[in-house]
Amino acid sequence: MPESQLIIGLMSGTSLDGVDGVLAAFSSSDNAPAHIDTVATAYLPFPPVLRKELMRLQAPGDNEIHREALVANQLAELYAECVDKLLSETSVDPTQVRAVGVHGQTIRHRPELGYTRQTNNPALIAELCGVDVIADFRSRDIAAGGQGAPLVPAFHQAVFGNSDTVRVIANIGGISNISVLGCDGDILGFDTGPGNVLMDAWVAEHRGVAYDANGLWASGGNVVYALLADMQAEPYLAVAPPKSTGRDLFHRAWLAQKLAGFPNLNAQDVQATLATFTATTLADAIAQNARNALEVYVCGGGAYNAHLMQLLQQALGERNHPGLVHSTDILGVSPNHVEALAFAWLAYRHINREAGNLSAVTGAKGSRVLGALYPK
Ligand SMILES: Nc1ncnc2c1ncn2[C@@H]1O[C@H](COP(=O)(O)OP(=O)(O)OP(=O)(O)O)[C@@H](O)[C@H]1O
Ligand SMILES: CC(=O)N[C@H]1[C@@H]2OC[C@@H](O2)[C@@H](O)[C@@H]1O[C@H](C)C(=O)O
């Protein structure tokens with residue numbers, strides 16, 4: 001009889017939209033890789049005041065330590081609420097949950113300086129929920145000389161890997177990252193550049209909405225090719241992996257700098273250009289690193305942007321790449337749940353004292369058990 005463990009994964013990513021949670025059952029027998037079942041999912045949007053404060057903390061400002069500590073407590077309360085929701089909807093008692101794996105909220109990511117910060121208060125989550133909490137998954141990889149990101153490629157391999165065909169998993173969240181899963185178990189992965197972060201900022205400014213639903217606004221604009229070329233000249237894009245990025249680089253001021261050379265542009269045309277920028281950076285990364293991948297599976301919120309998915313397919317075609325673009329839905333995991341499930345999986349690895357990083361991806365000196373435990 002395989003032994004089953006219930007683990008919760010919580011992710012709040014660079015889009016700063018809210019918290020995704022999954023309650024997952026991990027069963028394993030005879031040293032076989034764990035089988036994972038999603039038992040329940042939950043999503044809690046950030047209250048506007050919290051989102052605003054998190055946004056403020058993305059850049060240097062006054063009294064940051066104090067503000068960060070207060071935000072960490074508010075976040076922990078929201079994470080605990082997400083745990084409660086998952087448990088009450090499934091009538092599961094906290095004593096039945098082996099652990100909560102929680103990413104926290106990235107407010108700085110500077111691996112080149114030896115640090116990354118995911119603000120959080122895991123001690124408070126443990127106190128509020130009465131469950132073991134595992135947090136701070138990135139620091140150990142950075143301590144070992146790695147980028148601390150992306151961490152999901154090992155999880156992608158565990159759930160989406162296939163020995164018959166090379167697969168690409170492309171996450172389009174705030175930032176985009178790819179995992180190239182070879183048939184022989186070889187894995188490559190890195191952050192390709194912005195996902196939705198710049199498009200979200202621009203549409204919020206000009207249309208007052210959180211995101212361009214289905215890419216409808218972008219699809220009605222005209223791409224400004226000279227602006228696109230300036231964006232594509234961003235040095236990060238030409239850096240060889242291992243590499244990772246975030247709002248530290250791709251922020252509103254980055255966009256302002258690119259736009260400075262193009263006064264009086266139509267706002268909708270800028271949105272069209274940003275959508276094409278996201279699609280082409282992903283397509284370039286796939287064409288250069290996964291030449292023979294026939295299958296490209298997209299997860300993250302960008303998978304719900306039909307226009308962006310179409311642009312990605314088109315950009316692959318323009319690069320003579322054979323890949324067909326699908327959503328991870330057809331592999332049985334909803335695009336919205338992949339990252340939260342990954343943090344449940346990373347917690348499972350921690351519990352079993354198994355490595356969570358892939359040094360071939362992050363550039364760390366070796367495999368490391370990731371995360372810190374806050375016992376209940
Ligand atoms: N229907 C939709 N149409 C267009 N865009 C959408 C749609 N649904 C979600 N999105 C986009 O997806 C984003 C959220 O994606 P997701 O939750 O994957 O990001 P994240 O987890 O914060 O990011 P990261 O992977 O960088 O940590 C939204 O901000 C929005 O831009
Ligand atoms: C520092 C940080 O929070 N990085 C995130 C971000 O969001 C997407 C991309 O950039 C990825 O590198 C990473 O998240 C996923 C979960 C990862 O580590 O694989």
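Placed from the backbone N, Cα and C atoms, the Cβ positions cover glycine too.
Annotation comment: TrEMBL describes GLY13, THR14, SER15, LEU16, ASP17, GLY18, VAL19, ASP20 as ATP binding site. Other Cβ atoms within 10 Å of the Cβ of VAL19 (ATP binding site), summed over all protein chains shown, number 24. VAL19 (ATP binding site) falls within a strand when secondary structure is assigned with DSSP.
The secondary structure of GLY13 (ATP binding site), as reduced to three states from DSSP, is coil rather than helix or strand. Counted within 10 Å of its Cβ, the other Cβ atoms near ASP20 (ATP binding site) come to 25, all protein chains included. Counting other Cβ atoms within 10 Å of each Cβ, the lowest count among the binding-site residues GLY13, GLY18 belongs to GLY18. Same-chain residues at least 6 positions away in sequence with a Cβ under 8 Å from that of ASP17 (ATP binding site) are, in sequence order, PRO45, PHE46, ARG51, ALA210, GLY301. The 6 Å Cβ screen around ligand 1 retains GLY13, THR14, SER15, ASP17 from the binding-site residues GLY13, THR14, SER15, ASP17, VAL19, ordered by sequence position.
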